[in-house]
């Protein structure tokens with residue numbers, strides 16, 4: 001083979017490499033899902049979401065009204081609307097449900113009996129609300145690192161989740177701020193449920 005042909009061959013290979021590296025276009029956009037996050041004040045909603053966004057814990061301020069965070073994952077972006085959990089705000093929760101594609105409910109697994117009963121009532125109300133009852137639910141039993149934390153089995157029984165959520169897509173997961181891997185896995189499971197719902201809707 002002549003020197004000219006060899007040079008042409010190398011130039012063509014360089015061109016192909018350039019095309020592969022530089023001209024393949026932007027990666028496909030990740031799907032986005034709009035979620036609502038609810039739970040009593042002190043359950044840890046804001047801290048957990050800030051942890052997932054790699055925000056400094058010194059900047060975490062408890063949500064009094066509502067806030068929105070874009071929580072990025074490898075295969076999706078979750079636009080989470082977090083609602084404050086104070087007594088005078090919970091009665092307005094339902095005004096913010098419209099447009100949600102999934103629900104995150106955070107509870108303090110080490111809370112007092114009274115607060116746990118209130119959380120139970122709020123979760124039952126959310127699971128039965130017309131705008132949420134068909135949506136995937138992620139229930140996070142937070143503060144598992146505290147000595148008084150109740151186990152997932154205890155919470156499942158106390159909240160009567162098996163009969164209440166029968167036929168729904170729901171996940172109950174333990175979590176704490178110290179275990180970010182478990183927290184991320186919980187959200188990955190929720191993303192799987194959201195994707196399943198999307199695929200079912202496309203087949204209809």
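Cβ from N, Cα, C; glycine included.
Note: residue 143 (GTP binding site) has non-local neighbours 44, 108, 109, 110, 111, 149, 176, i.e. same-chain residues 6+ apart with C-beta under 8 A of its own C-beta. Positions annotated as GTP binding site by TrEMBL: 39, 40, 41, 42, 43, 44, 45, 46, 85, 142, 143, 144, 145.
The Cβ of residue 63 (Mg(2+) binding site) lies under 8 Å from the Cβ of 45, 46, 82, 83, 84, 85, each of these being in the same chain and 6 or more residues away along the sequence. The Mg(2+) binding site feature in TrEMBL is assigned to 46, 63.
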Neighbour count, 10 Å Cβ-Cβ cut-off, for residue 39 (GTP binding site): what number do you get?
27
Which has the fewest other CB atoms in a 10 Å radius around its CB: 41, 45, 46, 85, the listed binding-site residues?
41
Counting every protein chain shown, other Cβ atoms within 10 Å of the Cβ of residue 145 (GTP binding site) number 14
